[in-house]
Amino acid sequence: MQSPCARRRAGTLQPLPKPDPASAPPPPRPPWRVAGRGDCAGARAPGGGGGGVTRLRARAQNPGAGGRLPRRPLDSAMGSVQAAGSVRARYLVYFQYVGTDFNGVAAVRGTQRAIGVQNYLEEAAERLNSVVPVRFTISSRTDAGVHALSNAAHLDVQRRSGRPPFPPEVLAEALNTHLRHPAIRVLRAFRVPSDFHARHAATSRTYLYRLVTGCHRPAELPVFERNLCWTLQADCLDVAAMQEAAQHLLGTHDFSAFQSAGSPVPSPVRTLHRVSVSPGQASPLVTPEESRKLRFWSLEFESQSFLYRQVRRMTAVLVAVGLGALAPAQVKTILESQDPLGKHQARVAPAHGLFLKSVLYGSLGAASCTLQGPQFGSHR
């Protein structure tokens with residue numbers, strides 16, 4: 001190429017040729033970006049990702065497709081063959097959700113229109129471009145309307161040959177980037193051994209149930225507490241009586257009286273390590289004027305595992321004690337009856353007041369820490 005001086009001597013000064021845009025290097029992309037896809041592949045749908053709901057429902061209604069989106073060209077080429085050097089990594093992830101919009105945490109398969117939290121998590125995981133389909137194994141199943149400050153699950157991700165496993169923090173960021181529902185968030189991720197099981201390895205689970213008194217009609221509840229507590233149409237509770245009654249539930253017992261009828265388990269014996277009834281706090285978004293007339297209460301239950309709806313049934317019985325419908329000593333009688341169809345124990349507290357607060361693993365070091373969700377502040 002001639003220099004500018006040489007071109008001046010030649011009597012002309014031609015502009016330098018412009019670089020070809022096609023030859024410019026592409027911008028770097030995150031390690032989880034799917035090869036061959038445009039930027040729209042990971043974009044969130046406007047308004048909270050309504051398109052993701054439609055797609056999830058369509059997939060649930062077409063079980064013949066295996067419950068997944070059509071395979072990408074890369075996946076079709078790889079098939080189910082595990083290339084040499086490909087490493088399958090197992091992760092433990094903690095995540096939280098507001099359960100109001102979901103049919104529970106478990107994935108909904110088949111032709112039902114309802115959607116579970118797991119459906120959204122697995123849809124987000126498809127963008128990881130794993131050689132094998134990613135499936136979440138949930139630690140603690142929660143019903144429709146139940147929330148989680150911190151639930152847990154394990155999943156396996158296998159990248160293409162020669163690519164190292166994702167660092168845990170990259171995995172968590174990628175899942176959050178591609179989650180299409182604003183009421184779900186991944187809190188943290190850890191690498192765990194390949195034989196780790198999120199449900200079987202848990203050593204402790206804690207549930208929180210929130211009550212409110214002083215609100216005689218649900219419509220009077222502040223909007224930022226809607227679907228987050230059980231509104232009792234009473235001015236007060238006999239908390240001392242509830243605390244006395246709760247002592248009868250502590251320890252190892254046959255909790256058949258507090259499980260849902262028709263939900264058999266190998267053994268109804270469980271050990272309740274802790275149960276407490278204490279003053280609670282309003283959401284920090286509730287105004288001082290509103291919070292003054294309301295009283296919030298927190299019930300907490302800790303055990304390695306629970307029977308189906310055990311926490312909500314125990315809550316209903318303790319509330320009956322607090323309202324004077326039961327004496328504390330009657331809770332022991334109900335427990336010993338092993339009858340789930342009795343007048344008081346057959347009642348189930350509403351789902352929207354229940355939160356899975358934490359899941360602990362006793363032998364995982366840093367991964368066994370308690371991950372707390374948002375804390376409810378107070379204006380008092």
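Note: Cβ is positioned from N, Cα and C throughout, glycine not excepted.
So that you can see what the record holds, here are the features copied from TrEMBL:
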type: COMPBIAS; residues: 1-10; note: compositional bias 'Basic residues'
type: REGION; residues: 1-75; note: region 'Disordered'
type: COMPBIAS; residues: 16-31; note: compositional bias 'Pro residues'
type: COMPBIAS; residues: 33-44; note: compositional bias 'Low complexity'
type: DOMAIN; residues: 96-199; note: domain 'Pseudouridine synthase I TruA alpha/beta'
type: DOMAIN; residues: 245-361; note: domain 'Pseudouridine synthase I TruA alpha/beta'
### Task
With DSSP as the yardstick, break the domain 'Pseudouridine synthase I TruA alpha/beta' (96-199) down into helix, strand and coil residue counts.
26 helix, 25 strand, 53 coil
### Task
Mind looking up the mean pLDDT for the domain 'Pseudouridine synthase I TruA alpha/beta' (245-361) in the predicted model?
94
